[in-house]
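Annotation comment: Swiss-Prot describes Asp138, Asp167, Leu168 as S-adenosyl-L-methionine binding site, evidence class similarity to another entry.
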Amino acid sequence: MTSTRYEGDTWDLASSVGVTATMVAAARAMATRADNPLINDPFAEPLVKAVGVDLLSRLAGGELDPAELNDVHDGAAGSAGAMSRMADNMAVRTKFFDEFFLNATKAGIAQVVILASGLDARAYRLAWPAGTVVYEVDQPQVIDFKTTALAQLGAAPTAERRVVAVDLRDDWPAALRAAGFDPTRPTAWSAEGLLGYLPPEAQDRLLDTITELSAPGSRLATESAPNPAPGEEEKLKERMQAISQRWRAHGFDLDMAGLVYFGERNEAAPYLAGHGWRLNSVTIRDLFAANGLDPLDDDDTRMGEMLYTWGIYE
(Lines of atoms letter the chains of each structure in order from A and count residues from 1; the text may use other names and numbers.)
(Lines give C-alpha, C1' and ligand atoms only; values in the text may rest on other atoms or scores of the structure.)
Protein backbone atom coordinates (compact mmCIF):
# COMPACT_ATOMS: atom_id res chain seq x y z
CA MET A 1 0.00 0.00 0.00
CA THR A 2 1.52 3.32 -1.10
CA SER A 3 1.86 5.84 1.72
CA THR A 4 4.53 8.38 0.82
CA ARG A 5 3.15 11.66 -0.50
CA TYR A 6 4.40 13.28 -3.70
CA GLU A 7 3.28 16.18 -5.85
CA GLY A 8 0.25 15.26 -7.95
CA ASP A 9 -0.37 11.97 -6.11
CA THR A 10 -3.82 10.41 -6.43
CA TRP A 11 -5.59 7.68 -4.51
CA ASP A 12 -8.62 5.48 -4.11
CA LEU A 13 -10.28 4.45 -0.84
CA ALA A 14 -7.84 1.59 -0.24
CA SER A 15 -4.59 3.52 -0.65
CA SER A 16 -2.64 6.55 0.58
CA VAL A 17 -4.75 9.42 1.95
CA GLY A 18 -7.89 7.75 0.60
CA VAL A 19 -7.66 4.85 3.03
CA THR A 20 -7.82 7.30 5.94
CA ALA A 21 -11.41 8.03 4.83
CA THR A 22 -12.08 4.30 5.11
CA MET A 23 -10.49 4.26 8.58
CA VAL A 24 -12.76 7.13 9.62
CA ALA A 25 -15.81 5.28 8.29
CA ALA A 26 -14.75 2.16 10.22
CA ALA A 27 -14.63 4.27 13.38
CA ARG A 28 -18.11 5.64 12.62
CA ALA A 29 -19.34 2.07 12.26
CA MET A 30 -17.82 1.20 15.63
CA ALA A 31 -19.38 4.30 17.21
CA THR A 32 -22.78 3.42 15.75
CA ARG A 33 -22.60 -0.01 17.43
CA ALA A 34 -21.81 1.46 20.88
CA ASP A 35 -24.17 0.70 23.78
CA ASN A 36 -25.32 4.32 23.98
CA PRO A 37 -24.36 5.68 20.57
CA LEU A 38 -23.83 9.40 20.05
CA ILE A 39 -24.26 8.99 16.29
CA ASN A 40 -26.05 6.75 13.82
CA ASP A 41 -24.36 6.07 10.50
CA PRO A 42 -25.96 2.94 9.01
CA PHE A 43 -23.92 3.32 5.83
CA ALA A 44 -20.48 3.27 7.44
CA GLU A 45 -20.07 -0.50 7.87
CA PRO A 46 -21.29 -1.52 4.39
CA LEU A 47 -19.18 1.17 2.73
CA VAL A 48 -16.04 0.01 4.57
CA LYS A 49 -16.72 -3.59 3.62
CA ALA A 50 -17.26 -2.54 0.01
CA VAL A 51 -13.76 -1.01 -0.02
CA GLY A 52 -12.41 -4.36 1.13
CA VAL A 53 -9.44 -3.56 3.40
CA ASP A 54 -9.51 -6.60 5.69
CA LEU A 55 -8.42 -4.99 8.98
CA LEU A 56 -10.83 -2.09 8.58
CA SER A 57 -13.68 -4.41 7.57
CA ARG A 58 -13.14 -6.47 10.73
CA LEU A 59 -13.08 -3.34 12.90
CA ALA A 60 -16.21 -1.98 11.22
CA GLY A 61 -18.06 -5.26 11.62
CA GLY A 62 -17.04 -5.85 15.24
CA GLU A 63 -14.96 -8.94 14.49
CA LEU A 64 -11.79 -7.31 15.87
CA ASP A 65 -11.45 -5.57 19.23
CA PRO A 66 -9.64 -2.25 18.59
CA ALA A 67 -7.90 -2.63 21.96
CA GLU A 68 -5.77 -5.31 20.29
CA LEU A 69 -4.17 -2.48 18.31
CA ASN A 70 -3.19 -0.41 21.36
CA ASP A 71 0.41 -0.13 22.47
CA VAL A 72 2.22 0.55 25.73
CA HIS A 73 1.93 4.34 25.34
CA ASP A 74 -1.87 4.31 25.43
CA GLY A 75 -2.46 4.04 29.18
CA ALA A 76 -5.24 2.23 31.00
CA ALA A 77 -8.15 4.42 29.89
CA GLY A 78 -6.64 5.16 26.49
CA SER A 79 -5.07 8.24 25.05
CA ALA A 80 -6.51 10.11 22.08
CA GLY A 81 -4.18 8.13 19.82
CA ALA A 82 -5.27 4.75 21.20
CA MET A 83 -7.25 2.51 18.85
CA SER A 84 -9.51 1.56 21.76
CA ARG A 85 -10.69 5.20 21.84
CA MET A 86 -11.09 5.37 18.06
CA ALA A 87 -14.88 5.01 18.22
CA ASP A 88 -15.22 7.65 20.94
CA ASN A 89 -12.99 10.05 19.01
CA MET A 90 -15.05 9.64 15.86
CA ALA A 91 -18.36 9.77 17.71
CA VAL A 92 -17.69 13.22 19.15
CA ARG A 93 -16.14 14.47 15.91
CA THR A 94 -19.05 13.24 13.80
CA LYS A 95 -21.62 14.63 16.22
CA PHE A 96 -19.84 18.00 16.20
CA PHE A 97 -20.06 18.29 12.41
CA ASP A 98 -23.59 16.82 12.27
CA GLU A 99 -24.84 19.43 14.72
CA PHE A 100 -22.95 22.17 12.88
CA PHE A 101 -24.76 21.38 9.63
CA LEU A 102 -28.17 20.95 11.23
CA ASN A 103 -27.84 24.24 13.11
CA ALA A 104 -26.68 26.03 9.95
CA THR A 105 -29.57 24.77 7.86
CA LYS A 106 -32.04 25.43 10.68
CA ALA A 107 -30.81 29.05 10.54
CA GLY A 108 -31.76 29.19 6.87
CA ILE A 109 -28.59 28.20 5.01
CA ALA A 110 -29.58 25.98 2.09
CA GLN A 111 -26.18 25.49 0.42
CA VAL A 112 -23.72 23.01 1.96
CA VAL A 113 -20.19 22.13 0.82
CA ILE A 114 -18.36 19.11 2.23
CA LEU A 115 -14.68 19.29 1.26
CA ALA A 116 -12.75 16.00 0.97
CA SER A 117 -16.02 14.15 1.55
CA GLY A 118 -14.54 10.64 1.47
CA LEU A 119 -17.10 8.09 2.70
CA ASP A 120 -19.15 10.80 4.43
CA ALA A 121 -22.83 9.86 4.03
CA ARG A 122 -24.40 12.98 5.52
CA ALA A 123 -26.22 13.68 2.25
CA TYR A 124 -28.02 10.37 2.87
CA ARG A 125 -28.45 10.19 6.63
CA LEU A 126 -29.11 13.69 8.02
CA ALA A 127 -32.61 15.20 8.15
CA TRP A 128 -31.96 18.13 5.83
CA PRO A 129 -34.62 20.82 5.41
CA ALA A 130 -36.43 20.81 2.08
CA GLY A 131 -34.48 22.67 -0.58
CA THR A 132 -31.02 21.95 0.84
CA VAL A 133 -28.30 21.32 -1.76
CA VAL A 134 -25.25 19.35 -0.59
CA TYR A 135 -22.06 19.57 -2.67
CA GLU A 136 -19.52 16.80 -2.08
CA VAL A 137 -15.98 17.58 -3.26
CA ASP A 138 -13.34 14.84 -3.56
CA GLN A 139 -11.12 12.95 -5.98
CA PRO A 140 -12.99 11.36 -8.91
CA GLN A 141 -12.20 7.76 -7.84
CA VAL A 142 -13.53 8.44 -4.35
CA ILE A 143 -16.72 10.13 -5.55
CA ASP A 144 -17.44 7.42 -8.13
CA PHE A 145 -16.89 4.56 -5.69
CA LYS A 146 -19.16 5.97 -2.99
CA THR A 147 -21.92 6.95 -5.41
CA THR A 148 -21.97 3.45 -6.92
CA ALA A 149 -21.76 1.66 -3.55
CA LEU A 150 -24.61 3.67 -2.03
CA ALA A 151 -26.76 3.08 -5.12
CA GLN A 152 -26.14 -0.66 -4.78
CA LEU A 153 -27.29 -0.41 -1.16
CA GLY A 154 -30.53 1.21 -2.36
CA ALA A 155 -29.75 4.41 -0.47
CA ALA A 156 -31.39 7.67 -1.51
CA PRO A 157 -30.11 11.16 -0.61
CA THR A 158 -32.15 13.17 1.90
CA ALA A 159 -31.07 16.41 0.20
CA GLU A 160 -30.24 17.38 -3.36
CA ARG A 161 -26.76 15.87 -3.70
CA ARG A 162 -24.35 17.28 -6.26
CA VAL A 163 -20.93 15.70 -6.68
CA VAL A 164 -17.83 17.68 -7.59
CA ALA A 165 -15.18 15.19 -8.69
CA VAL A 166 -12.01 17.25 -8.48
CA ASP A 167 -8.71 17.28 -6.61
CA LEU A 168 -8.55 20.13 -4.08
CA ARG A 169 -5.11 20.97 -5.50
CA ASP A 170 -6.75 21.76 -8.85
CA ASP A 171 -9.28 24.48 -9.74
CA TRP A 172 -12.01 23.16 -7.48
CA PRO A 173 -13.83 26.53 -7.18
CA ALA A 174 -14.49 26.45 -10.94
CA ALA A 175 -15.74 22.87 -10.71
CA LEU A 176 -17.93 23.81 -7.74
CA ARG A 177 -19.48 26.72 -9.64
CA ALA A 178 -20.02 24.48 -12.67
CA ALA A 179 -22.06 22.17 -10.43
CA GLY A 180 -24.35 25.07 -9.53
CA PHE A 181 -22.72 26.59 -6.46
CA ASP A 182 -23.72 30.23 -5.92
CA PRO A 183 -21.10 32.28 -4.01
CA THR A 184 -23.63 35.09 -3.45
CA ARG A 185 -25.65 32.83 -1.13
CA PRO A 186 -24.57 31.88 2.41
CA THR A 187 -22.89 28.49 2.58
CA ALA A 188 -22.20 25.95 5.33
CA TRP A 189 -18.67 24.62 4.77
CA SER A 190 -16.85 21.70 6.39
CA ALA A 191 -13.15 20.88 6.20
CA GLU A 192 -13.21 17.76 8.37
CA GLY A 193 -10.13 15.60 8.79
CA LEU A 194 -8.43 17.56 6.02
CA LEU A 195 -6.00 20.26 7.10
CA GLY A 196 -3.18 18.01 8.32
CA TYR A 197 -3.00 16.34 4.90
CA LEU A 198 -2.23 19.69 3.25
CA PRO A 199 1.15 21.44 3.23
CA PRO A 200 1.06 24.58 5.41
CA GLU A 201 0.85 26.96 2.46
CA ALA A 202 -1.89 24.86 0.82
CA GLN A 203 -3.91 25.00 4.05
CA ASP A 204 -3.78 28.80 3.95
CA ARG A 205 -4.83 28.81 0.28
CA LEU A 206 -7.77 26.55 1.04
CA LEU A 207 -8.98 28.74 3.91
CA ASP A 208 -8.48 31.86 1.78
CA THR A 209 -10.50 30.33 -1.04
CA ILE A 210 -13.34 29.35 1.29
CA THR A 211 -13.40 32.92 2.55
CA GLU A 212 -13.43 34.32 -0.99
CA LEU A 213 -16.38 32.07 -1.89
CA SER A 214 -18.35 32.89 1.27
CA ALA A 215 -21.19 35.38 1.31
CA PRO A 216 -21.81 37.16 4.65
CA GLY A 217 -23.60 34.81 7.02
CA SER A 218 -21.76 31.75 5.72
CA ARG A 219 -20.58 29.21 8.30
CA LEU A 220 -17.48 27.03 8.52
CA ALA A 221 -16.46 24.11 10.71
CA THR A 222 -13.05 22.47 10.86
CA GLU A 223 -10.59 20.91 13.28
CA SER A 224 -6.85 21.27 13.63
CA ALA A 225 -3.97 20.07 15.78
CA PRO A 226 -1.67 22.50 17.59
CA ASN A 227 1.83 23.06 16.25
CA PRO A 228 4.26 20.69 17.99
CA ALA A 229 6.52 22.29 20.57
CA PRO A 230 10.28 22.17 19.86
CA GLY A 231 11.42 18.56 19.96
CA GLU A 232 7.89 17.14 19.87
CA GLU A 233 7.71 16.57 16.12
CA GLU A 234 10.13 13.63 16.16
CA LYS A 235 8.30 12.10 19.13
CA LEU A 236 5.03 12.42 17.23
CA LYS A 237 6.52 10.75 14.15
CA GLU A 238 7.88 7.91 16.29
CA ARG A 239 4.48 7.46 17.92
CA MET A 240 2.74 7.34 14.54
CA GLN A 241 5.30 4.84 13.26
CA ALA A 242 4.71 2.64 16.31
CA ILE A 243 0.97 2.68 15.63
CA SER A 244 1.60 1.80 11.98
CA GLN A 245 3.79 -1.11 13.07
CA ARG A 246 0.92 -2.54 15.13
CA TRP A 247 -1.34 -2.28 12.09
CA ARG A 248 1.21 -4.12 9.95
CA ALA A 249 1.06 -7.02 12.39
CA HIS A 250 -2.61 -7.32 11.38
CA GLY A 251 -1.88 -7.11 7.66
CA PHE A 252 -2.58 -3.39 7.20
CA ASP A 253 0.48 -1.64 5.76
CA LEU A 254 0.07 2.12 6.05
CA ASP A 255 2.63 4.66 7.21
CA MET A 256 0.59 7.46 8.79
CA ALA A 257 3.66 9.62 9.33
CA GLY A 258 4.21 9.58 5.58
CA LEU A 259 0.73 10.91 4.81
CA VAL A 260 0.61 14.10 6.85
CA TYR A 261 2.64 17.26 6.40
CA PHE A 262 4.73 18.34 9.36
CA GLY A 263 6.26 21.74 10.00
CA GLU A 264 5.10 25.05 11.41
CA ARG A 265 1.74 26.17 10.06
CA ASN A 266 -0.85 28.81 10.81
CA GLU A 267 -3.36 27.46 13.30
CA ALA A 268 -6.77 27.51 11.67
CA ALA A 269 -8.74 29.41 14.31
CA PRO A 270 -6.57 32.55 14.64
CA TYR A 271 -5.94 32.54 10.89
CA LEU A 272 -9.65 32.54 10.11
CA ALA A 273 -10.36 35.11 12.82
CA GLY A 274 -7.96 37.43 11.03
CA HIS A 275 -9.91 37.00 7.80
CA GLY A 276 -13.38 38.03 8.87
CA TRP A 277 -14.70 34.95 10.67
CA ARG A 278 -16.29 35.17 14.14
CA LEU A 279 -15.33 31.90 15.77
CA ASN A 280 -15.95 29.53 18.66
CA SER A 281 -13.64 26.65 19.56
CA VAL A 282 -13.59 23.63 21.86
CA THR A 283 -10.97 20.95 22.43
CA ILE A 284 -11.65 17.28 21.92
CA ARG A 285 -11.34 16.90 25.70
CA ASP A 286 -14.22 19.39 26.04
CA LEU A 287 -16.30 17.31 23.63
CA PHE A 288 -15.57 14.12 25.57
CA ALA A 289 -16.68 15.78 28.81
CA ALA A 290 -19.80 17.31 27.25
CA ASN A 291 -20.86 13.89 25.95
CA GLY A 292 -20.21 12.01 29.20
CA LEU A 293 -17.24 9.98 27.94
CA ASP A 294 -14.29 8.91 30.06
CA PRO A 295 -11.47 11.48 29.87
CA LEU A 296 -8.52 10.86 27.60
CA ASP A 297 -5.13 9.91 28.99
CA ASP A 298 -2.22 12.21 28.18
CA ASP A 299 0.24 11.05 25.55
CA ASP A 300 2.94 12.50 23.31
CA THR A 301 0.70 12.93 20.25
CA ARG A 302 -1.10 16.00 21.68
CA MET A 303 -4.27 14.64 20.07
CA GLY A 304 -6.13 15.58 23.23
CA GLU A 305 -5.50 19.22 22.32
CA MET A 306 -7.18 18.90 18.92
CA LEU A 307 -9.26 22.06 18.46
CA TYR A 308 -12.72 22.01 16.89
CA THR A 309 -13.72 25.35 15.44
CA TRP A 310 -16.91 26.75 13.92
CA GLY A 311 -17.83 30.27 12.99
CA ILE A 312 -19.77 32.77 10.91
CA TYR A 313 -18.37 34.96 8.16
CA GLU A 314 -19.17 38.60 8.70
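Any Cβ shown, glycine's included, is placed from N, Cα and C.
The residues near the S-adenosyl-L-methionine site, meaning same-chain residues not in Asp138, Asp167, Leu168 whose C-beta sits within 8 angstroms of the mean position of the site's C-beta atoms, are Leu115, Ala116, Val137, Gln139, Val166, Arg169, Asp170, Trp172, in sequence order. The C-beta environment of Asp138 (S-adenosyl-L-methionine binding site), restricted to residues of the same chain at least 6 apart in sequence and closer than 8 Å, consists of Ala116, Ser117, Gly118, Val164, Ala165.
Most other Cβ atoms within 10 A: among the binding-site residues Asp167, Leu168, that distinction falls to Leu168. Maximum intra-site Cα distance, S-adenosyl-L-methionine binding residues Asp138, Asp167, Leu168: 7 Å.
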